[in-house]
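Undergrad: Sharing a structure below in structure tokens format, with a few things to ask.
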């Protein structure tokens, strides 16, 4: 049976006497040796990592901590989780459990235990059970894809990894789980081998291979099961593993330097077969990806080769970007799956497990980002538990002896100051190298008490920061590159064009339709924005703290290093926290809110208190069996000293709410039974009266004795009269309403007609009478109908010639005679012979040859009767096609300026027949009259104008519009054969703004 009498030492550090740092640490050591790893500081929980499994967690214990208050049982992580869950339900306020500590202190395990507790205490409906299962599996999946082993922690959350491992680290767990746990068929499908040593990204900087373990094989089963429970299909799971395999194989690409013909330095791949397998997994063409990884674009359409080192950096950037975006994509999918249905505004209980403070022998950009997160979180906790707490007590006029503590805001400003912060210096436009960045750090941070740079005691290319948790020396090697970590646009485009189902989601910037030239946001800026948003959200929630401590650096059980524990106790400010709790108050609430929450526990304040709030609170507290010393009255708030008192207040309130619920139930049941009795009694009286009347009629009782029957007759007659009158009134109301509505409609139309302006019949008149708001929709509809009517009336006034002119005015007003053909004397003679005096369009365009796709300049003339193709120098007519023989025009949706004019085959084969039926000139061919030429293909910047003019000419000549076909593939008649036109856009071999036409057998490709 659990009880506080079985505890070793002080289970709450507030009870320590005397309170000293040595006494505080000795109490933790005493409890740690007896496997009592949890200790309170008020409602803050200290957790010492035991580095072994303890029998402290079970469903029975969960039930015990749910039913009883946290200070009625020994300290436990279940108590903190239960308090947060209870406050979420009882107070309807957002809650957050913040788990802190340095790397290896057991934060991830603590967060997992909290999550298991919340899963066990929540509901048991099928829908909730499914969400709980998915929530647990989400934690399994995130650990596999987001955690890795370091020197100090076997399951550390990582900020950035994939490439360049240190000598004591492993890569993300999922790489080893996949290689160890996947069956041979899956590995063959992914082009992988089980041997970890074959993959470069799983090797350290010293080329030493990291090792997989037997546990990785077991964990792969759990990871794959988690994907299935979270709703990923088998194809989705294979696609995810394909991305992991692509990252593994991309890391194996090796580059060899070479010299180009122009003297520049380039590179080539030493193991090209790896790239072929990557392309097969991606569903991409080998040449696209190879060019993206070995060259870059320096100007519009100009490519240059990368040297071997630059190509290796692009490869590493692609590996990190691909894995990072896969992880983000997984998180987005998981959030969509576990998101609760929206049923109004919901309150939230969050569990925050942030990166632990890290200091290694070699510390780089990753450690700086992680330690910056810890500095900001420490500042938030310090402000919430020490700074704001003391300031509020002083503001409320309470007696207080100030507790000294270290405020790390000066370190946060050193890191994030807008103009000269260590992180802000990375964003300066002239900082392009690590040496330039180090120079700026030395300039801006010289003389700072928490930063040391340009000192002879430091290693080369490094600076030192005195964090709240200790001094860390950072090497600037790779800082600038890792911060920007920008992926070249060519690589993004190559990845976007892959057939892999999720690549377009991972690389949206590679879409050629997007024209985003904005510089991508750096890693440090992304982290600062996300972290500030997170801390802002924490500020609006009730926070519960779990401070995790690490007893030794060897990760061994039953070893308690006093120096290490003293260091953690000092930088976490645990002793000042105990002092504040001993002298301060654990809970405060404005008088109005306190009275509103607890007024039901006192008969004098329930249900409504009409005096001042402070008097009501005072009266309420005097009625409770709680010592007055537990409460302190401030200017605007009531302060409660002990957490136990808060939970006693909640117990009183819960018991009183139970009594009030019973009172409401009792009152409702009495009301319902009383109404039921009254209905039953009325029914009994009606039945009894009817029965007595029937009995009197049946047995012939004298008239003077028929009082019941006579009363029943009068009642029935009166009811019938009332019902008949009601129906007549309803009928009359409907008739009046119908006539009134018809009258109002008529009045509205008549008034609208009278208010129309004088020029209302003109199509250009924009005036319209104002209508009331209820008839605005009707007014708009009548306005549209009236406008159609007056436009139709206006068009009926024109003859056929005027109609044709108006129809042309509907289109953009393009120039027609670009070459001044109508002023040419030779043309004036020729047009009289062919009856083509009225020229609609004339310009020099490019005719595309049918055999090779080359461009030949010709003069195109469109008259009102035909389309003519002339020699641009001699004006000799080569072809003349009557407008009646053109039946279709084909274009592509791209900006290629190519159009095909389709001519009926009969006209081309027998020009004399067509001339007899449509035009006396027919189709003129200068050389072979009977030779079948087929359709015409041309290219010009005026393609829209030509198609528009031809459309109108053919429509006027035939009485019906020709067909206009806009597609990327269509057929054309080239006389003796049918040729398929195919248009392709966005190909790398065609420069922007250029076009190529290729003839391949019965196909003609237009590349844009």
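Yeah, the Cβs are placed from backbone N, Cα and C, and that goes for glycine too.
TrEMBL entries are annotated by machine, without manual review.
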Undergrad: Can you dig out which of the ranges 485-507, 508-530, 531-553, 554-576 TrEMBL describes as region 'Actin-binding'?
TA: 531-553
Undergrad: Can you tell me how many other Cβ atoms are located within 10 Å of the Cβ belonging to residue 106 (ATP binding site)?
TA: 25
Undergrad: Can you count the other CB atoms that lie within 10 A of the CB of residue 103 (ATP binding site)?
TA: 21
Undergrad: Give residue numbers and ranges for long-range contacts of the region 'Actin-binding' (531-553): same chain, 6 or more residues beyond its ends, CB-CB under 8 A.
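TA: Residues packing against the region 'Actin-binding' (531-553) from afar: 28, 32, 43-51, 77, 80, 83-84, 87, 91, 93-102, 104-107, 110, 114, 152, 348, 350, 352, 372-373, 376-377, 380-381, 384-385, 559-561, 564-565, 568-569, 572, 574.
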Undergrad: 10 Å Cβ neighbour count around residue 101 (ATP binding site)?
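TA: Residue 101 (ATP binding site): 26 neighbouring Cβ atoms within 10 Å.
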Undergrad: Below 8 Å Cβ to Cβ and six or more residues apart, same chain only. Which residues does that give for residue 104 (ATP binding site)?
TA: 49, 150, 152, 153, 156, 356, 550, 553, 555
Undergrad: Within 8 Å of the centroid of the Cβ atoms of 101, 102, 103, 104, 105, 106, 107, 108, which other residues of that chain place their own Cβ, given that this set defines the recorded ATP site?
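TA: Along the chain, the qualifying residues are 49, 153, 356, 548, 550.
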Undergrad: Measuring CB to CB from residue 105 (ATP binding site), give everything in the same chain under 8 Å that is also at least six residues away in sequence.
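TA: Listed in sequence order: 47, 49, 356, 548, 549, 550.
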Undergrad: Looking only at the region 'Actin-binding' (531-553), how are its residues distributed among DSSP helix, strand and coil?
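TA: The breakdown for the region 'Actin-binding' (531-553) reads 9 helix, 8 strand, 6 coil.
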Undergrad: Given the binding-site residues 102, 107, 108, which one's Cβ is surrounded by the fewest other Cβ atoms within 10 Å?
TA: 108
